[in-house]
Every structure is written in structure tokens, then in C-alpha cells.
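K.L.:
Pulled the feature table from TrEMBL, pasting it below:
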| type | residues | note |
| --- | --- | --- |
| COMPBIAS | 870-884 | compositional bias 'Basic and acidic residues' |
| DOMAIN | 121-209 | domain 'Aminopeptidase N-like N-terminal' |
| DOMAIN | 249-459 | domain 'Peptidase M1 membrane alanine aminopeptidase' |
| DOMAIN | 467-558 | domain 'Peptidase M1 alanyl aminopeptidase Ig-like fold' |
| DOMAIN | 563-883 | domain 'Peptidase M1 alanyl aminopeptidase C-terminal' |
| REGION | 1-30 | region 'Disordered' |
| REGION | 864-884 | region 'Disordered' |
Amino acid sequence: MDIASRPAEPAENTQVADAAPPPTAPPVIRREDYQPPAWLVPETGLEFTLGIDATLVASKLRVVRNPDGSGDAVLRLNGDQIVPLAVRVDGAAVNDWRLDGPDLLIDLPGAEHLVEVETQVNPAANSQLMGLYASNGMLCTQCEAEGFRRITFFPDRPDVLSTYSVRMTGDKGTFPILLSNGNCTAQGENADGTHWAEWHDPWPKPSYLFALVAGELVANHDTFTTTSGRKVDCNIWVRPGDEDRTQHAMDSLIASMKWDEEAFGREYDLDLFNIVAVSDFNMGAMENKGLNVFNTRYVLADPETATDADYDAVEGVIGHEYFHNWSGNRITCRDWFQLSLKEGFTVLRDQLFSADMGSEAVKRIEDVRVLRSAQFPEDSGPLAHPIRPDSYQEISNFYTATVYNKGAEVIRMMRTMAGPQQFRKGTDLYFDRHDGEAATCEDFVRSMEQGSGLDLAQFRLWYSQAGTPQVAVTLKHEGTTATLHLSQTVPPTPGQPEKQPVPIPLRIGLFDRESKEHTGEQLIVLTKASDTFVFEDFAKLPVLSINRGFSAPVSIEFDRPNEDLVFLAAHDDDPFARYEAMQSLVVQHLVAAVSGGLNDAARTAGRAAIGQAFAAIVTDPALDDLMRGELMILPAESYLAEQMLIADPGAIHAEREALKAWLGCEYAEALGALHDRAVGVPYSRDAAARGARKIKSQALGYIAAGNKAEGARRAIAQYRSADNMTDRQGALLILSSLDVPEREEALADFHARYEANALVIDKWFSLQAGSFHPDVLTHIRELAGHPDFTMTNPNRVRALYMAAAVNPKAFHDESGEGYRLIGDLIRRLDPINPQTAARFVPSLGRWRRIEPVRAAMMREELQKTAAEPDLSRDVREQVTKSLG
Ligand code: ARG
Ligand code: ZN
């Protein structure tokens, strides 16, 4: 009998019928309730009989009582939408198991047993993309955080580490390539047209790092020899036809392996490193031991189909997942509250890697932009949580900008205070001391303290308190003394009404107005609620450059004259501070404009100051173009909204667009010259050519804002002559917002040209959904009905709907249609893919900070969603908290 087609009948046990339906109010999991596991699983054997609609899974677990556990005789094996088809203990079938909700409980009399369980899953029906699922004709897995329990019954918690031996059998035609973690130890063929492979991973790992991939795949293969001489086979597996777009990923992988040896002393520990690209994936990528699984968008790149930003993202994510081999896999997390232990640290590591591969200054600015546009709003809204949360209902909701990006900032502050050498001593000690363990954030902090010599007693508050600290700054001058006064407040967040002051490391410089030089950068650490710092020998009031390099993830409130900001935008030798001065200049002006606080004279003066700084940026010969392009970007509307207690998105959009048009008009000539110069630079991947492409599209944006006809003329010319995706997408981005005939021509050409390439068609959707075209909402509605649109592919869903949700013009349209669009999406997507559906809730959750008419409409969508009877735990948690 074909075992894979056997129906999923549960094993003899009357308990199955009693499995309770999921309760409507999901239980709250608390950090303080942590208990070590009662049973450990030193060895796991898994046998898969593969089929797209039916895969049989037979597990063999050697379980031993945990000497540090509760001594409980009951073994709890987590499950999720699976039933046990057979249960055996020490080789004999048993019937006295029971189900507790989704979990399987087995009483075990002794201290060590062999437990065997059989289950069957349907990968084709798995639209959640958690556990074992089918994508594009192949089988793959995603187990973090709690997907393994959708494959087989297991203590699915990160502190149960096991060595895995996997055997899989499948049809040779459908599944020519069979992959799992570790090394392939044996393979062979059967007489019936199936073949099999055995894999063994010698490194004990938690279940969330398990992976299996089976399907028709081809590899880009290369080798890397580690510092101690281990020769590693590196493969990047893709669907046939995609292999020509894998070289950048391979280069990035090999660069990552080398960099981690040099920067952190970390060497790879297996003879094989596999990466597989899959097209249906909820997140970016996954660090499974020896078998990383990636969203195709972070693997595939060539000049024709990927932008420079896509190239950077591939490099960053390849690095991120590779670095997890030490910060995540060799040392994992004790429980999911410690998620930032691996994610915050690994984000910092990938940021430092990308900085070393390219421009440190530009990378820092980009990282701060992400933090401010994604994490700051989270930290000031209903879903605010510390980087080490205290409770959750659904852990998938905590893969957030706070855990990842603020988590990275917190570790970066330690590095800033210790200095790179001492910091490295701290990480060395951490890796040494906790290798092979499931550790906690506290373990990391303690290692850092002892290794680096820092005193982190008060600093631990960064792990337990949510909210972005606000630092108020004043600088006074008398005689020859400059006095800096700083005071901090950490705003209240849900569940944390009162906060304590945190240590805030601030890199500062004091500039002399005449010489335009500072007296040497200093690091000051504000530890109290308020403090005063005195600086001698200043004949005049100096210009203060503060939070240079964004040394602390705080918001600085410092009221100062435009001329000081113009000064810093032109002369600061810290590139981030220079960018920051330009941003502050614009933020101050737009916030005043939006709140109606600008009379004509003040508006003229504000624009003149911004224009002066802008012109200096456009023409400064000392700036490289990558940096110039960065400095030209106006602050995002979401960041502007963050500066106001209650924001009017319509007014923000109008004022920001008006400023852009004014700059485009006023500096038309310089911008035209900049665009012309950039157009003349031929394509290459070097920094100068990438810089040229960056300013090309920046200049185009301003030109189009100032003069629609001139913008359209230049954009369609750039589109038609483009020999790479950066230029082509840059031109199309401008055209998609313009109400001109060239728009249709370019969009139709783009679709026809790249019809066969899903990642490029994603761009086609997101450019239109993200546009500022007057009919953008009509376009989005039409795109949702386009034959290329599907709700089952997360990349496509995000391409259309995430682009719409972050497009202030579409989302905050005064009709409320943008809110209804996202509300409807959440409700329709939830039954298909709850994890991805839940990611759309925070956009509506910002209602408290939006003017009352729009706020009421946003809230209504949340209420309508909350009223749905069968909401997932994911969406339920986010919606409830957003209304609360
Ligand atoms: N650990 C992965 C990464 O940071 C993210 C996986 C999260 N997946 C999920 N389904 N929540 O690269
Ligand atoms: Zn990660």
C-alpha cells in the first residue's frame, strides 16, 4: 500500500473527540512563569514519506527526565492541528495517552524511554506557511517560532536541544533533491521510482531550527575554507531558470563567513552550508542549522531585475542568517521572551557587516531611518513592548522592529560605551561561556559586563522598559563657559505607567562658529533624570552637535535657530549628524507649517534656510553621491506624524509635497544638472555608479514635483533608456505618481517585459499602490482584481497591501477608504495566513494619534475585525491591544 495516501485516522483513543476548541480569549504566556522542561530529548529520529498533499511523519524520540525539571511523570508533546496516528513507548503500542487541547500527553514511569509517534500532514493545504508546506511544487518547512508542532508532536520549546537524524523518501521525479540539516550520510533508490536520503546534524538544536526541503532545485556551488582549514561546500538552491541570479547571494555568503571570523572570531562548524530560495514565505529568511531557507527576494538578484537597494538587502539578509549560526544556533534562546538575545544581536552584527562591505555612514543613516519609521511609532503606540517582553498571546506577533532593531540599538550602545575592543571581549566571553546553551538576555548582559568591564546595572532597564526616551536639551553660554543641560523622560507605555531614567550615551561635539571645527568629540552618559555638563574655554556660544552617529535610540528635543542647523548641515564632520541637521531643519519647518504656526514671513525664512542647506548638499563637490542621495531624502510623513501629539495626515502630506515642489522649482537648474550628470554615468556595481543612480532618481523626484511636464519628459527618457532595474524602477516610481499619458505606456511596458518574474511583478504592484497619483485608491482596487494578484503569496499581498498601508495618501484618504481596504484585507487574509494578516493591524492601531474624524474610521475597522467570531490568535491579540 502507498503509505502516503493512507487517510489520517487517529490512533485508537477516545480522548481525541474531547479535544477542546480554541478558547476565544487566548491564554497569556508570561516570562515570570518560566519552568525548565520536565523531559529532555537528547536524540530525535524523523522519517518522512513525502507527498505534496500527504506526508507521513514517524518520529522516534529518546526522552530522559530532566534532573533540573519538575520531576513530572507526564511527557507533554506540543501539537497544532495534527493527530497521533500511532503512539509507541519502548517499542510497544500504548493507548493511555491523552490530548490536552492540541498537545499530546503520555505518562512515563521511568527515567528514560523511547517514544514513537506517527502523524500525517497535508502540505498543499497549509496556507499559513508554518510547519511543512508546499510552495511552487516543492516541499519546505518553517518552524520558528512554533511551527514544528504542526509537523509532529514534540516539546516545541527552544530550551529542548536534540540531535536530529532524518530519513526521507519521495518520488524521484517530483523530489529529485532531498535536503535537511547537517550532512547527508546516505542515499539510495527504491525499485518503485522513489528515492531516499538520510541526514544527520551533529549539533544539538531546538526544534525551531529543524528544516526539510524536497523538490526540483539547482545549485550555485562554491567552497569556503575556514580559518582553521575546514573546507565548506556552499550551495544556493533555486528553481531551474533562476540560477543566473544567485551570484550576488553566493558572494555575500562567502563574505559573511570571512567577516564573522575577523570581526567576531566565529568560524563555521559543518562541512556543508545550504541556502534554499522559496517563493512563498512569511518573513525574510530562516537560519535553520546548515539549511537556511530564504524568501526568493533575498536571494535572487541581477542588474536587470534587482535594484541597488535589493542587492543591499540580499547582502544584509544573507549575512544576518549566516551570523545566526553563532548568535542563535550555537547559543539559542531559553524561551521566546529572550528573542532579542539572538535577533537584536544578529541585527547589530548584520549592520556592522554591511557597513564594512559598503559605506558606514550611509548604512547608519538607513538603519536609523528604519528605526524611526517602524520602531518609534511602535514604541509610542498600543503595541509598545520592551525588547524583552513580559507577556504574549502569540509569539509571532513579537518579531517586531522593537525586538529586532531597538534590540540592535541597545547592544550598539554597549559597544559605544565600551569601545570596539572591550566590546569584543564581552562577546568573546559570551560565546565561550554559553556555547551549546539556551541562554537569556541576562546571560548576555552579564558576559558583557565581565568581559568588557562596563557596569550595566542601570543599563538593564533598556531590556525591561518600553518607550522611546525623550531628551530635552539646552545650551547656555556665559563668560567662557558653555553649560549643557539635559533631562530625560521615558514616556508611559501599556502596562508601564511609570518609568525610571535610563543611561543614555551621547556622542557630542561643540563647534566653533568661526573655525567651523569642534574641540574633539566626547561621550557623555546621561544617567539621571536631569544633569548639567560644563565646558570651558568657549569665547562664544558654540554650535552643539549631539547624538552623533545616533549613539542612543532616543528623540532629542532641542529648540535652536535655523542658522545652527544650516551650519551643521554644511560643516558637521559626523555624516549622521549632518543628515540629522538637515532632517531637523525640515521637521521644525513642517511641524510648524502643519500646526498653522507659520506666517508668510516665517514660511519664507524657513524655506530659505532649508533651501540654503539643500543647495549645499546638491552641489557640494566633497560629498560622494551615495551620501548626497541620502541627505536629499525628506523626512517620512510617518516620522513627521510622530512629532505631533495628534497628527493630521492630510495636512502633513500637503505641506511636505508643497516643500518638495518648492525645492524642485527653486533649484530646477541645479537639479537638472545633477540629473544630467548622473545619466551620463554607465552602469556598474561600484560605489560611484551606485551613487549616480541614487541621485538620479532623487533629482527626478524633485524635478517632477516642481514641474510635472519636465519631470515626465525626463522620467520617460530614463525609463526607455534604462539598462538596469534601479534606473527603470526609479523612473517608473515618478511616472506612477503623475497623471500623464507616459504613465500608462511605462506601466504596460514594465508588466509585459517582466511578466514571468514574480519578484519584478511584485514591484509593479507596489509602485502603483505606493504612488501619490490622484486616483491611487481606484488603482489599488483594480489591482486587487488583477489576474496576477493572489492572497496566498505573502510577497504579492505585501506588494499591494503593505505598499498601500504605508502610503499616507492612500491609507489616510479622507474618505476612509484606505482604512476599509486594510480592514477588509485583515479579515479576508486571517483565515488563510494569520501571521501575515496580523502584520497589517498596527497601521490601524495608530488611531489614537490621528485627528478625530479619521481616528473614528480607523477604530471602526478594528472593531469590525474584533467582532469576527473565528479570529486567529495572531490577529485577535493585535486587534484587542490596539483597541484597548
Ligand atoms: N529567525 C528569523 C530571522 O530573523 C525569522 C523567522 C521568524 N519567523 C516567524 N514565522 N515568526 O531571520
Ligand atoms: Zn534573525
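Count begins at 1; order follows the chain as displayed.
A Cβ is built for glycine as well, from the same backbone N, Cα and C atoms used for every other residue.
Unlike curated records, TrEMBL annotations are generated automatically.
Show me how these features fit into the structure around them.
P.N.:
The DSSP breakdown of the domain 'Peptidase M1 alanyl aminopeptidase Ig-like fold' (467-558) into helical (H, G, I), extended (E, B) and coil residues amounts to 3 helix, 47 strand, 42 coil.
Secondary structure by DSSP for the region 'Disordered' (864-884): 14 helix, 0 strand, 7 coil.
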K.L.:
Work out, from DSSP, the number of helix, strand and coil residues along the domain 'Aminopeptidase N-like N-terminal' (121-209).
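P.N.:
Per DSSP, the residues of the domain 'Aminopeptidase N-like N-terminal' (121-209) fall into 9 helix, 45 strand, 35 coil.
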K.L.:
Report the mean pLDDT of the predicted model across the domain 'Aminopeptidase N-like N-terminal' (121-209), rounded to a whole number.
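P.N.:
Per the prediction, mean pLDDT sits at 98 for the domain 'Aminopeptidase N-like N-terminal' (121-209).
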